[in-house]
């Protein structure tokens, strides 16, 4: 990694310099639209032959076509453009939409005031009113005003639809030349006319201004819903140049290191060079995926204009939100309740949102807390929407230390806020009472209100449970409005079945949601990550519903942001460097990795389908080109993969029709073909006809032929413990099994199929969560992440060798390789951190005396590392303190959690010894600000870094003692070694503070173990001294013989 190189070279640069110097010291283009209607189809044909393509001649300030817009790509004739009715003597009239799109107006709808405006993606229509447009007016007039500038030709011509268009010369070359001339003049003078005579409005009909505004609004709806904001070229190009220079300098540095060994400390020199080579490889894996970082920007107003116009049915896609929880004692129900409340109050159509809560611990406490939450939501949701408050998690809203009256103009707000705060405090008391009651479990287990036993008393052996609290058939809020659906789910568990922890729970939610609501998109959050922005779903839809991006986007990942972290972020909980630097770099390649929460998925991508790719996307990547060359004839496997992808139909059309599968499809040769197809689907998705039918509803929604009465029974069936047997769940479908970090594995499989992901980072964080600020909890969290990486490294899904026949880009593969190999860096890291103590104890060093020429390489390498870091901070906006905390915790985690993860992963994969991870606690046992920060919790992860600290302190004492006894000449080399050791201690300083706690006292057990290990190591080293030859040892002991 980059940080490893900085850590190493900083040590290497200063030491030789000090040692060598001390002795010496003694807008888019504008166009106009021409639209006509005619009573005869031959007139239309004449207009067609004249190739007056009305689509590309837009009214006013119109944008170019939206790439990926299906309606504009496939329609090229005026018959289809105006959709005239067959056999009608008269044309149905005309309508100007401001976009040059289809004019669809039947005779029965002539006198309706609302005209239909075609949708951009799937042919669905939205209606918009153009007040002054009338079907009785069969003419187009140019913009009118009280004054017409004679220098600007504005032709006015009345077209009688009863006459043949040929009589107007519409099919002649002269007419086409006149039209083209008119368009050129309009392009040159439209801006001038608009600015000089604003009353003309540029594109109004009959001189009215309101129509121009409506047309401009519709035109805005056709613009892209997001855009890429590139990093300034002067920053990015300089950054890339420095990376190349650093790579060149690094080569010269290793050439010097390899050719200049230390003769009297060959072992130390060899170990140091091996460590440095590994650090350099880690830096390459970390650096090059950041070669092309980008930022993105969304346009929520355009999304609303296109899919959610006021006064019309919303066309936004349905979304199912997943919340996962396991242990309510470690994940407090109050935190989960706040997350659920923020989801129910989200700014999205209520009939398009469903919230599913997975209780993988089958706890009655979670069930009862969710029931209380549903009741409180009836009051909380209307309050949030009425006063437009942020965030919509009550615990965090009322805890804000801001002026909550800012921008509030309703006089009733203060009174209603005070009443709502009182309601929430009462709600908290009820939740706390449930938690207190759950502390003492009855011997016979929990019982429900009707006296029956709670089905989940045995967490490892219980039936599946589903409860719908709110929704289309549930209660309304206090204002009488409908609430989003809220569903409690606890999957079935039985002894002898693999449950696959969180990945299995998420796959159960996929199937339940597909049966009950079948949202086209899924969003998952951890129970402690609430919606900090009510527009989070809309942010995601700006990418998912964009015609150009949505077809090939598997998920939209949001950055993780946290509350309750100490001011200086002692243990780098915010992880700013990863989320603000690495993820932006990946977004410029094939997309960010999936980090487990705050991610919106395309349901079809989770079903294991390939994306709909363009020809440019299907070009061979750099690996294929380098291996196969630019040959016209591609290898068979590559052609097969192209054929497989191109056979996939458009995302707006179902791949299969379940009714055809069940009843027989015309075109199949016999019933055997139908049965084979159905069995293939059942082998892939499981034996649930309703679920299989839902997989073909690519736009979401329940299949029309489904019986609502059977849905709940089918939902129970799809969460049964044996449903996934002999299917592709966890292998190719849903969350992938095989690692405790199922998020990395799931995202990797999608990228390997050719999908791309998006990194959405709006100014206001969309999600916020809680982080383990306690040292022991933080190390255990890092241990779990590192263990998952080791499991992937030793599995068949390792990105080093998996997926080369897919569409994974080279730099994206390097990023995934870096994601799984980083725990191995702990071995050279801990060796490198012990080297300074060894050098001080043995009075040797890893670098020989250097010349001025060699010193230049050390200086240049240090300067390149420093420049790379500074330029990264510049283009990313990350602060120097966040960067330094990240460097420190990299050393802390590398000498503790990562080292344990390597050995635990080897034991699990090679010896079959499983290590159960514990859920990170989100609760604090102490009161006060950051009280949990100072709580000490014993864990064996604390021993290795403490030992490194003690060894370096002992080495410093030994080195200073040796220098005092040896005279002045030994002080120069001593300072280089001391700097080496002090640099290690500075990186471990937050760890040292964490050990001391609030009382600045390190626990006795840690001190005893560390001193014992350090003493044994020091005594053995002094006694054995493996880097001294037998002859030198004999001389030192006075046993020199004839061979000396």
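Including glycine, each Cβ sits where the backbone N, Cα and C put it.
Per TrEMBL, the features are:
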type	residues	note
ACT_SITE	360	active site
ACT_SITE	743	active site
BINDING	324, 330, 331, 360, 501	UDP-alpha-D-glucose binding site
BINDING	502, 526	Mn(2+) binding site
COMPBIAS	69-82	compositional bias 'Acidic residues'
REGION	61-148	region 'Disordered'
SIGNAL	1-20	signal peptide
TRANSMEM	236-254	transmembrane segment
TRANSMEM	266-285	transmembrane segment
TRANSMEM	820-841	transmembrane segment
TRANSMEM	853-876	transmembrane segment
TRANSMEM	888-907	transmembrane segment
TRANSMEM	941-964	transmembrane segment
TRANSMEM	970-992	transmembrane segment
TRANSMEM	1004-1022	transmembrane segment
* Asked: Taking contact to mean three or more C-beta pairs under 8 angstroms, with sequence separation of 6 or more, is the transmembrane segment (820-841) in contact with the transmembrane segment (853-876)?
  -> no
* Asked: Considering only the recorded positions 502, 526, 743, which residue has the minimal Cα-Cα separation from residue 331 (UDP-alpha-D-glucose binding site)?
  -> 526
* Test the contact criterion for the transmembrane segment (236-254) and the transmembrane segment (888-907): 3 or more CB pairs under 8 Å, pairs 6 or more apart in sequence, then answer yes or no. => no
* Going by DSSP, give the three-state secondary structure for residue 324 (UDP-alpha-D-glucose binding site). => strand
* Asked: So which of the binding-site residues is most packed in, judged by how many other Cβ atoms lie within 10 Å of its Cβ, out of 330, 501, 502?
  -> 502
* Structure fact -> From 360, 502, 526, 743 (recorded positions), the ones whose CA sits within 10 A of residue 324 (UDP-alpha-D-glucose binding site) are 360, 502, 526
* Asked: Of the recorded positions 330, 360, 502, 526, which sits closest to residue 743 (active site) by Cα distance?
  -> 502
* Which binding-site residues from the set 330, 501, 502, 526 come within 10 angstroms of residue 360 (active site), judged by C-alpha positions? -> 501, 502
* Structure fact -> Cβ-Cβ distance under 8 Å, sequence separation of 6 or more, same chain as residue 526 (Mn(2+) binding site); the residues meeting this, in order, are 323, 324, 596, 597, 769
* Structure fact -> Among 324, 330, 331, 360, 501, which the record lists as binding UDP-alpha-D-glucose, the farthest-apart pair of C-alpha atoms sits at a distance in angstrom of 16
* Asked: Quick one: what's DSSP say for residue 526 (Mn(2+) binding site), helix, strand or coil?
  -> strand
* Rounded distance in angstrom between the Cα atoms of residue 330 (UDP-alpha-D-glucose binding site) and residue 502 (Mn(2+) binding site) -> 16
* To do: Report, as a single number, how many Cβ atoms besides its own are within 10 Å of the Cβ of residue 360 (active site).
  => 23
